[in-house]
Structure formats: structure tokens, C-alpha cells
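Feature list (source: TrEMBL):
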DOMAIN    37-183  domain 'F5/8 type C'
DOMAIN    189-370  domain 'Laminin G'
DOMAIN    376-552  domain 'Laminin G'
DOMAIN    554-591  domain 'EGF-like'
DOMAIN    590-642  domain 'Fibrinogen C-terminal'
DOMAIN    799-964  domain 'Laminin G'
DISULFID  Cys937-Cys964  disulfide bond
DOMAIN    965-1003  domain 'EGF-like'
DOMAIN    1025-1213  domain 'Laminin G'
COMPBIAS  1214-1229  compositional bias 'Low complexity'
REGION    1214-1244  region 'Disordered'
TRANSMEM  1252-1276  transmembrane segment
Amino acid sequence: MPRKHCQNPEPLLSRCLIECDHLVFDHTYPQLLQYNCDAALASTLPREAFSSSSELSSSHGPGFASLNRRDGAGGWSPLVSDQYQWLQIDLGERMEVTAVATQGGYGSSDWVTSYILMFSDGGRNWKQYRHEESISGFPGNTNADSVVHYRLQPPFEARFLRFLPLAWNPKGRIGMRIEVYGCAYRSEMVNFDGKSSLLYTFNQKSVSPTKDVISLKFKTRQTDGILLHREGQNGKYITLELVKGKLILSLNSGHANLPSPDARVTLTLGSLLDDHHWHSVRIDLLNTQVNFTVDRHTQHFQAKGKSSYLDLDYEISFGGIPGHRKAVAFPHKNFDGCFENLYYNGVDIIDLSKKHKPQILIMGNVSFSCSHPQIVPVTFLSSRSYLALPGVAGEDKVSVAFQFRTWNRAGLLLTTQLRHGPGALTLVLDDGKLKLSLSQPGHPARDVTAGAALSDGQWHLVSLSLKGNHLSVMVDGEAASVAHSLRGKIDSGDTYYLGGCPDSSSGPGCGGALAGFQGCLRLISIGDQEVDPITVQQGTLGRFRDLQIDSCGLMDRCLPSYCEHGGECSQSWDTFSCDCAHTGYTGATCHSSLYEQSCEAHKHRGNSSGLYYIDSDGSGPLGPALVYCNMTEDTTWTSVQHNGSHLARIKSSNGEGPRPVFFKYTASMEQLQAIIDRADHCQQELAFHCKRSRLSTRHDGTPVSWWVGRTNETHSYWGGSLPDAQKCACGLQGNCLDSQYHCNCDADRNEWTSDTVVLSHKEHLPVTQVAMRDTGQPHSEAAYALGPLLCQGDNSFWNSASFNTETSYLHFPTFRGELSADVSFFFKTTAPSGVFVENLGITDFIRLELQAPAEVTFSFDVGNGRCEVTVRSPTPFNDDRWHHVRAERNVKEASLQVDQLPTRTQPAPADGHARLQLNSQLFVGGTATRQRGFLGCIRSLRLNGLALDLEERATMTPGVEPGCPGHCSSYEHLCRNGGRCRERPRGVACDCAFSAYEGPFCESEISAYFGTGSSVIYNFQEHSNYTFNKNSSSFAALFHEDLTLAGEIATLSFRTTGTPSLLLYVSSFYEEYLSVILAPNGDLQIRYKLDKHHEPDVFNFGFKNLADGQLHQVKIHREAAVVSVEVNQNARRQVILSSGTEFNAVKSLMLGTILEPPGADPDTLRAGARGFTGCLSAVRFGPAAPLKAALRPGGPAPVTVTVRGPVAAATRCAEGAGPGAPAREATGPLAGGSGPTDGGQPLVNADRSDSAVIGGVIAVVIFILLCITAIAIRIYQQRWLYQKNESNIPQTGDNAETALKSEVNVQNIVSESQKEYFF
């Protein structure tokens, strides 16, 4: 900072008065050192300080360009109005520039509508001022006399300024009057020549024990060099180094032998810093915290350990590392360039050096002025740019040299035509490599390839030559060459084209697919002559198009990187792109999460239970977490595992208490907190097993066991109790083993006891540590197992509000989405239009609205004019169904997606305004003008991943109600296989009561294995008290005796190898029936007899052998006499019945073995006698689901089902063992195989027949005898195993866990054997 701060006539800080010689800026109270820096600088300058590229006349000269001047022609106008004109001001010395202002020519039609501002210290190597990181052009004038001011944020220091017109009044010419505002700038400079340095030794008392601040500005002549270095003991150091034009701050805590990630840390900032311009640096060291700032960009680092970066020696070097220092092992170069205003904790290091104070040791050649570079770069602004330079024609050699830097991987660098014949020499950049080609008619092209990764933005030196029989190219000192043969001698041409070709040129390398070079060139030489680009600019040498001479306009579009969530940024001259691979995010800037926000959202996408990634804060900073989503019929559970799910056994050793166990979850603590905050309820189960090990002490209740939650607070309460109650669940319920204690473990028994608790206080979860310390008694042991974190629901997914009037809205704080903004929500409405969301700024705004019944529009303005993105649907959105909207705007593009319609995108201007600046409240469901309000419901509104609580705000807003009914119209498609959608206050549920399936979406088939002679009989006739509408498809309607069916649908799936088999038989009171059988050859046969006086209609469908052990699906659909049959969802047949069109008085449905059904044909009788052996699933006849009634009793209405023989429930027919092996898939037998297969009495709700009960009693007796035998054997085994374990060193891991579980199980078995069992 300039010393003028200390020269304030009324300084606010005594420290500033005392140390004015060395202190310029107090870093502790920067807000107190305010000053005015807005004086007019240009108006006080002589006319000679103004210069220009040209002038229209002497009265239009640059000397008349001061603001508000009316003499002469009233301003500056160039001879030709084009993009190569400029107006320059020499301020006489470096000044701080804070603002500029422009006018047009007085009383004319000449004014500039936009311009570029450039600055320089020495009148060479100009730098373009940019604001908002990418905006280059300044807004100009709209008439000749009004003044347009622009305040520069941040300001800059320079002596020379240039105004370059970009656009002007099309009805006039370029005309400008200007003013520059700022103040004097004083500074101290020191120059290092690449071999010199300064060493500053300071007093210990002058160092702040909690903070070190280093600030400076630098300008470098090289791409590498050490700026500062400070060391400490044990290899501790801090080093600031310039490497390839970037600053790297290296920190070593001195604990390199420790596996800490903080032992060595490097922070990298800046890019293209070797541009011969000043750059500011500030380093704040606050014990374990580091703030590193380069120009306007800052990185923060917080060390996790206890290492302090302030514990260093009391000396620091600048410009290099003294030779006696040994801590830094990496090779390094001294700094070659200048420092300005170098301060260490407020001490002016340069001033001390100039005064040769004893604290400063000067090593090498150090001077206190800074020279200005004379190198003149040239910028090739577009792919149409070129520079044509003359050469010496007729020479027997060709040689060209230059330096270039670019981000583009390809482009034409040089082409020249040989004088005689069509031969040419071409140099191109191809995939980051240089390729030099010589082409001659009748000869193959000679190519030389050199270099690699040359599109890295660094300066690269290239020299090429063609002489004799040698063609060579050298890149950065490394040569590549090839020998060749020429027809005739080399005869150089007279013109060399660099960067591209004129439109009229058709020579080699011109007019092809390869675009021209975009980047910077400097130090150009043709033959042995160096080229002065200033003479090109003045028109005395060569010609050019679309160049910016005396400036390198290359900018790093990846600094700062707009790629979010770890996306990798890559760039070209005019754009950047983000590689989002492996980040979990997508979009132009990796902003949008690939994953749903919760398990609840996954469920309502129709996903079943399983492992999923969820991203609780969407596009927010938290990443996706892997969880298990358990989708149940009633709710959705999110399960997060940790590394300690196994049973942990605890024993004290060497008299020391056991250490607490720490749990690490598969999600970070921040992710866990987000999951918990969004959940309706969370819990975690903790099971304790104790033997002479207590949770609390015997006397005063002091806890000797505790657990720690996510906030690192210790808790001694247990599940089912309030915090700090120190009671287990049994203590609150009054059923502890010993009523004197509040936990079973506190009884201190010499046998295994247990306490199982459920912790459910969301604010304390999850459990991060568990400590059980009471294991010091003889024979004392303990164990515990911590279950996963379980969270239920998502309180933001169904958070909704109903907007009842067009003038009503909800308001929230201003939306902060300057560089990236996304808005997502669901809506449903019957209105034709309305605004969903709106937020306004002074000129910027963002809005989402239903613009028409089938159009949703996302509109915004960030300073580049209004932009709209619209999604149009073939069907209206105002259908009273939920529709999902997601809009995103970033610096690359804007996008809008509605439901599953194609996403619409709109690219952002290449160099337009980037920041969205809003200041009003956020309006939801309406606008600030109370017009075009939305009528309907909005739910699950999220802005940049943050969920807004619509319901809470709606409770206090007139015209808006919390909640919104009517979800089934949108989610009923999730309920499959006849399941029905049921409304809930917050969501929906699928009612599978009348479906042959179960599960959250009625997708889980109900399957059973049928053994030999088994059957399931489902009777309809007893429910005559229920009415049935013949034209109704309601599953609540049931059959009765006089029912006549004009049609029905029957479905089933089966797997078997047995033939003949009866798959399904439906009978009636009138000896009518439907039978589905497999013939002896495995063919599917369907027999309908709808009139007992006629023979049955028999249909052989000719499908392949279906008794092949594979799963097959059959669907039969009859309407009157037309029967459609579908097998395996693709093979379809249709037949016509002749026996009748109505199925009268349906009596029962039978699966498996049936005995002599009345009126059945011989084939059905044979198949019925053999029955079915294998797996049946998803059996349904109209509303009847016989397997579900048998296997899942307790349905909505009483059903009579008879089960005979071995019928065992199975998971799925498509999984597991094959037919004939039901035991491997059975989950619970319905009837024992020893029971009789005839004469069973039907029982309501699938109760067993009497004979089945007798068989069950026999089975129970056998089971008890087997249990007693197993207990005896197990006790013997466990005693032997326990003695073996006790005799060895205590084990950990799976063996210890197995042993402990075995011992606990023995204890439990003995205890359980004393209880009564009822079968």
C-alpha cells in the first residue's frame, strides 16, 4: 500500500504515527485507514500528455480529448474509424486509478458505445483491464454530451492508459472525450537479478504470537523463482515460489514422519503471472490457519492437527534462499524481477534495505528501481487473424524464430511459399505438438514433429530452418530434424504468414479445415532480422488483420475455476469446459447432482429397496453419500452403515480400562447431519451384553458407560428415556431383571444379561463413540453392537403450499446465486398461467412461470439483456397433476427441464456479464406487483440445493394454505399389478389388498412351492352378503351364488418339470368350469365349459414345452366368447368359445391336486389327480388372489381358504432351487407333509384343517425333543470352546465375536427353554 496512508494529517492510529517510517498499512484495523482517491487526473495534464493512433484533423487531435472540452472540434476523432484506433494518456508517473468517464465529440454525432481500457507502466506491453473476471468491454455513450462514469473495482496503478473503441454510433464516427480519476501513488521498489536476495532478522518481541502477515507486489522477468522463505526446527518451513507462472505456497509442519495430511501442504494460486505486470500477494498465518491471496483470489487452509506455522526461526529471506539453508530439498531458482511495498508484520522491508539497517543482510546485486520491459507481444484475437511479414526472396535457406503461448491445441502458426514452384513450408500446432511440413509437387510431404503439451499457456521458443538437405525445428531447446532431397535449390519466398492467411490466399495451409492460431507471439525474427511489431502497428512494415499489438491478451479462463464439485477445468482461447467424470455431478459446470435428494425421492421414482447414492443438498457443497434405502409399504427408511457393525467384546487388560471405540460412517458428519435434519424420525439401536459389567455404578448412579453423539457431547441416557435420565428401557418399563436397578446390566450378575436400547433424539445422533469402563472386576466382560443409523421419511419432499388467489404469495430472503443458480420444485394446477418464482435486482432478475397451459418459461437478466428458455409440451401442464421443474443458470449456459421432456438450453455470451445480482425478496407463487400470481400447489422447492419451508411460511400468510392434497393423480402409476393408490397427508401408499402381489408398489410376487398331493382351495360362495356389480372392476366386489360372469381375467406364473399338471381350476355350482393344464407333452391347454349340457371347448396353444423348469407367465382374458391368451408377455393367441358366453355361479378356485371335480373331462381329471409339483406365483382370478389369501392372512374381507399337504411360501419362483426342492426356498410351511391330503375342513383366513392341527402337534413334540438334544450338544460344545478361548491370548475380530455370540446364545437358549411356547 502507498505510504500516503501514513501521511494522513490526522492519523487514527498512534501506531501509524510512531512507526511512520516503516509502517504503511495496519493489517489489524484496515477499515480505519480510509482515504479519498477520486481526483480528476486527466484534466490537469498538458495537451502533450495525450496521444493517439491517428487524428481526423488537427482540430480533432488527442489534445482536445479532455472531458467537457469544447475547443478545437470538441474531442478526438481518428482518421479512420476502425478497431485499431486508440487514445492514450500519460499521467506523468504511476498513479492509482479508481474511475474513468467518457463523452462523445461536442455537438456532433460522434461517440463511442463501448471501449476497452488498457494500462501500462512504461508505455509498452499493455494490459487489458477486466472486471467480473471475464468482461472486457466498458459501456460507452448513447449521445455526444452526456457523461458515463465507471468506477473500477478493483482500482489499478499505472502511468499510461489507453482507450480502444470497440463500437461507435453507426451514423457517425469515433469521437471521445475522457477523464481519469484517482490519486498519487508512492511505493518502494527493489530489484533482484536472479542471483540476489534479502535476509531480514527480527526481534522476537516484534513478532505477534498469534498472527504473521506478509504482503507485497511483484513483477517477474522469468517464469520461476523463490519469492520468500522462512525455516524452523525439524525441517519446518514456509516457502513462496513462482513455478511456471503460478505461485505455490509450500508449508511443512516439521512432522514429516507422521501420517498426517497436514505435514506437507501446497497451495497454488494465480496463472500467467510472468506477464511483466504487477501482481499482489498477501499471506496471513494464524497459528494453524493460512489465508493465501494472489490478486483477487484467496485460498484458505486450516490444519487439522496442532502444528503451528508460526513456530519458526526469527529470520526470513526474500528473492531466494540463503546458501546455508538446508531444509528445502527441492531445486529452486532465485527470483528475477521486482518487489514493491514489501511488508512483514507492518515493517517496510525495502525501506530498511535502502537505509542499510542492520536487520537486513543484502546478498548479491540488489537495486531499488524497476526497469520496464521492451518486449512487444502480439495477440492473435481470432481464427481469422494473421500477420504478413516480408522476407528476403531468393535466399538458399529459410529460418524463422519466435515465442508463442496459447490454450488452443491446434492452429496454423506459419506458412511461406518457396519462390520457384509450388513448394511451401508450413508449421502447425496439432494436438499440442508442432508439425513442420515441406511440400513439393511429385514428392511426399516431409514432416518433422517436435514438442508436446505446448497448449499449456506457457511461453515456448520455436526456431525452424530449411537449408541444404536438412529440415529442422527446435522447441524450447530440444531439436528435431529430418534429411530430405529437393528438386533444385532452395529459393526462399518473399512473404511469411504468421497465425493465419488472408482470405484471398490459397497457398498450403490456407483455406483448409485447420483454423488460424489464437494466442500470443513475441520475439519474432525472419532470417537474421528481428521484427519490431510497433512498425507493423504504424503501417510501415507488413500487414495484418485482427491483431492486438503491444499486448498479450491471453487470459486464464480456469482461474477462478467455474467447475464445481471437483470438476476439472480445461480451456481454449475463447471458452472453457468442465470434465465432470467421477464427481457425481453433471452440467456445463458440474453443478447439478446426478442423484436424488433422499430415499423418499428414490421411492417415488418407482425404485425398490437397495443401495443408492443420495445427495441431501443437491447442488450444495455436500457430496453424494451411499446409503441403503428400505422401501416399505408404510414408509421409507434410510440406513447408513459404519465400520463397527459387528459385536465388539470388551475386556480390561493390565489393569487399564478399555478405550472408547470410535465409529466411522460411510457418510461424512456433514452429510449425516443433512440426512438427519431432513428426516421425520431417526433412531439407532445399541445392544449391550454384560457379565459383571455395569452401565452405572452401584451406589450413586454415576455412569461408567456412555456414548458420544455428533456434536462430541457425552451422553449417559439410553433408549426410551429422556436425556440424562440414566435409565435403560427396562427401567422405564419396570421389567428389569432386578427391580433395584434401572438397567439389566447394573444387576452385576455373574451371567450374561443384556440391554437393548433405541436412541432416537435426532439432535444427538449418530453415535460416534461408545465407552464401557466397568470391566475391572474378576470375570468381568462386556460386549455391544451398534446398529446402523436409521432415518425415516423426508420432511422436505412433501413440503407444500396451496395458493388460492392470484394476489397471494410467499416471500423469502434474497436468492444468492451469483455465478450458479438452480431452482427445482413440483407444481400442479388447473390455471392456464402464473408465476412460480421471481426475484428482482436493480436491472437483473430471475423468473420461472407457467406462460401458457403447455409452456414453462425460465427468464433472467444478468446484464446482457433478457434471456428466455422455454419448454413446450404436447399435452397441457394444467391437468391437476404434479409436474417437476428444474432450471439452472451458470456462466456457461441456462437450462430448463420439465418432467421427462427434452432439456432446453441457451448458451451464455462468450464474454458477457456473469454475475446475477439480486436485492429484492424472493417471491414464491406470485410477483412483487401482485399480478400474474400462481393458482395451485407448489412443493419441494429447492434453491441451490437448499429446501425452503413452504408450510411454515404458509401458516402465517393470507391466501396461502400449508399442504396440498391429491397426490394419487400423479403417482398412481407406481401401484402395479392391481394395487390401488391411497392418499396420505404427506404422500401416497399403494394398497395391495386386492392384488396378487405385495410390497411398496405391489411388485413383489407371492409364491408357493407345492409338494406332491398338496392343494389350495379358495371358496367364493359363502360371501353372498357382499354385492357385486357385473360391470364393475372393483376388487372390493366379491362373488356370490347367482353371479353370472360375462368375462374375467386370470393370471398366474409357474415353474415345474412335471406333466400332466393342473395349474388352475375354477368350478361353479352348475358344473361349469375353467381348467388350465399342462398336457403330457408340456403343451398348455385351456378348457372352458360354460354350459353343462355341452362338451368343453379345448384349446391346445402349441407353445413350446412349458414343463422345462423355467418360469412362465400366463394371462387369460375372456370377454363373452372371445378368449385371449398371452404367454410370457409376448406369445398371444385368440380363440372363440362354442360352449357359451357366461360363467354362472362361480363356486371355488383350486390349485394343485383336486379329486373328481363334478362334470370335468377326463384330461382335467387326470391332471387334477396328479396335481401340481413346483412353484406357483401371482395367481389371480378377477379380484381373487388365492395364494395371497393363504400365505398372507388377515386381508380386508374374510376369505375361506383350505390348504392341504406341503405348501411352502417362497421368495420368488424365478429364484433359488428348482422344482421339487422347496426346502431351500421355503420361508414358512403352510402345512406339514405328514398331514392327510383328503377330508380337510375349510378354515377362515387360511387356518389349518383339523388333521393339519394334529400333524402340527406331532411336529411340535418332535421339535421339542430335537431342541433338547441340540441344547445338550451345544452346551458341551460351547463349554469346550469357552475353555479353549480362556486358555489362549484374548482374541479380537471374527473369532472373538463368534465365541461371544455362542456363549450368549447358550445363555439365552437355557433361559428360553424355561418359557412356554404356543404353536
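Placement of Cβ uses the backbone N, Cα and C atoms for every residue, glycine included.
Please treat TrEMBL annotations as automatic predictions, because they have not gone through curation.
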Exercise. Please figure out which one of 37-183, 590-642, 965-1003 racks up the most CB pairs under 8 Å against the domain 'Laminin G' (376-552).
Key: 37-183
Quiz prompt | the domain 'EGF-like' (554-591): DSSP-derived helix, strand, coil residue counts | solution = 0 helix, 10 strand, 28 coil
Quiz item: Same chain, outside the domain 'EGF-like' (554-591) by at least 6, Cβ under 8 Å from its Cβ: which residues?
Solution: 130, 133-134, 270-272, 297, 379, 405-409, 457, 518-520, 613, 615, 619, 623-624, 819-820, 822, 888, 890-893, 895, 910-911
Practice problem: Compute the average pLDDT of the predicted model within the domain 'Laminin G' (189-370). | Solution: 86
Exercise. Would you mind checking how many other C-beta atoms are within 10 angstroms of the C-beta on Cys964 (disulfide bond)?
Key: 24
Quiz item: For Cys937 (disulfide bond), which residues of its chain lie six or more apart in sequence with Cβ-Cβ distance below 8 Å?
Solution: Ser800, Ala801, Ser802, Phe803, Phe827, Lys828, Thr829, Cys964, Gly966
Quiz item: When the domain 'F5/8 type C' (37-183) is classified with DSSP, how many of its residues are helical, how many are strand and how many are coil?
Solution: 9 helix, 69 strand, 69 coil
